[in-house]
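Asks: Sharing a structure, written as structure tokens. Questions coming.
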């Protein structure tokens, strides 16, 4: 079965892709009648060397993404994974020659079709009197024994574009550029690994891998690698790759040693997530520095892909200061990353976090009667939530991911562990603030954030007073914060429904002579009734709002949990 691709037609996909790049980049132009993209300011290159590269499409952003001042002059593209036509290569050479350039360097990846077609175009151009040189780049470090065809051209070719581009921009001559980039090419290596294959538009995947296998040492055309290995962690795979690339018994190894300075390139082969790319980059930095290698520059991104292949390649280039200046030279190429000219190794990568604000001393003695009462309340709340874990999870399965009970139990266990460390603060404001921090760190999910918001806001009115009116104001402040940031309102089938109903009853605490337990009892009953009523509501906020109301036949688990917490508080205060 062929894979799905967002194309207009299989036959025209390479042309459409190149046209799209040029349409969105005013620095590029198409060469009419050919699958060629050129700098739009060719006239500015008079008296300088032009740089042309290319190959099959499907490796984007290579190579057209690297056209620009300080990199390539133009690119000739073939169909997907197919070498470009000789006629188009020759047309590109003629176009840059007519613009007044003093010679053209062809930068070619080491594949038979590319060598033949670029080589033939070069000979035809030279027969016309156009000075043309060609460098063939092979940076593949997969094969331990060199084959007659030589090393394949991989992502390291992009570094050659950069070095050659900087030299050309500086006015260096054609033969000297060719000489220097040939030296640079011998100081680098690339190795790829993939979780699965890719598929050319209109075709099936090029190879199959089982679920527990990855392909090591594969090329950029979907061809199989040198061996298959068992799936492992990112750290383990990176170590294996670097071991292979630097093993001196490997005929295509990179001669990296402790003390070596390198440019490190982590390349997405097309289908890897940015999350995985970051993990691989971190693993590569740690592994190289653990070997005593200095990372002068780190390039992480998609440079040379293989369509949608979910894999990466690692490239190492040995550098000295003169070569590093060429890597750092300015370029306008759209796909080249804007990397700071600063060494990665030796750089301070973290800063000390700001200290927590100093708390005022607890106004009531820790371990006193008020503190003990606080501990009893918290213990009852925790045991209540732990007892409700499975019930809340069952309620949550209808509208969420079935973890509401687990989330509340995680909070309960965190509070229990905290209580083992010593008596809680007797100051209500300090207690709520500490609980807020604890729940934000340990509870997780939206519930942790909402309870954290509620408690942080509720603590503020209690800093100056702890009277019943202050507690009512604390409830108001907590509810306001939940509504402001959670975007829920009463009637939206959330925990706010229970808390809001209780908050309305607690307004009575603001009246002179109000009785704590009488008012709180009414508040708890209202919260429980509101929680039960949520089963008849259509969700207006949270994950449940994306679920059909026909499936919401049970009370909202968050509302049930909030009412249960209030009931637990009341029971302790009544005892």
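Just so you know, the numbers here start at 1 and follow the chain as drawn.
Backbone N, Cα and C atoms are what each Cβ position is placed from, and that goes for glycine too.
When I checked Swiss-Prot for this same protein, it listed these features:
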type	residues	note
DOMAIN	9-336	domain 'DhaK'
ACT_SITE	221	active site, tele-hemiaminal-histidine intermediate
MOD_RES	350	phosphoserine
DOMAIN	372-571	domain 'DhaL'
BINDING	401, 402, 403, 404, 446, 447, 486, 494, 495, 556, 557, 558	ATP binding site
MOD_RES	511	phosphoserine
MOD_RES	545	phosphoserine
Asks: Between 401, 403, which of the binding-site residues has the fewest other CB atoms within 10 angstroms in the structure shown?
Replies: 401
Asks: Assuming the binding residues for ATP are exactly those in the record, 401, 402, 403, 404, 446, 447, 486, 494, 495, 556, 557, 558, what is the maximum CA-CA distance in angstrom, rounded?
Replies: 20
Asks: Looking only at C-alpha atoms, tell me how far residue 401 (ATP binding site) is from residue 350 (phosphoserine), rounded to the nearest Å.
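Replies: About 35 Å separates the two Cα atoms.
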Asks: Measuring CA to CA, name the entry from the recorded positions 221, 403, 486, 557 that ends up nearest residue 350 (phosphoserine).
Replies: 486
Asks: If you count, for each of the binding-site residues 486, 557, the other Cβ atoms lying within 10 Å of its Cβ, which residue has the minimum?
Replies: 486
Asks: Counting Cβ atoms within 10 Å of each candidate's own Cβ, which of the recorded positions 350, 495, 511 comes out highest?
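Replies: Selected residue: 495.
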Asks: 10 Å Cβ neighbour count around residue 446 (ATP binding site)?
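Replies: I count 18 other Cβ atoms within 10 Å of it.
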Asks: With DSSP assignments reduced to helix, strand and coil, which class does residue 495 (ATP binding site) get?
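Replies: The three-state answer is helix.
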Asks: Between residue 403 (ATP binding site) and residue 221 (active site, tele-hemiaminal-histidine intermediate), what C-alpha distance do you get in Å?
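Replies: That separation, Cα to Cα, works out to 44 Å.
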Asks: Using a 10 Å cut-off, grab the number of neighbouring Cβ atoms around the Cβ of the residue listed as 'active site, tele-hemiaminal-histidine intermediate', all chains included.
Replies: 20
Asks: Helix, strand or coil by DSSP: which one applies to residue 486 (ATP binding site)?
Replies: helix
Asks: Can you tell me which of the recorded positions 221, 446, 486, 495, 557 is spatially closest to residue 511 (phosphoserine)? Compare CA atoms only.
Replies: 495
Asks: Which of the three DSSP states, helix, strand or coil, fits residue 350 (phosphoserine)?
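Replies: Coil, per DSSP.
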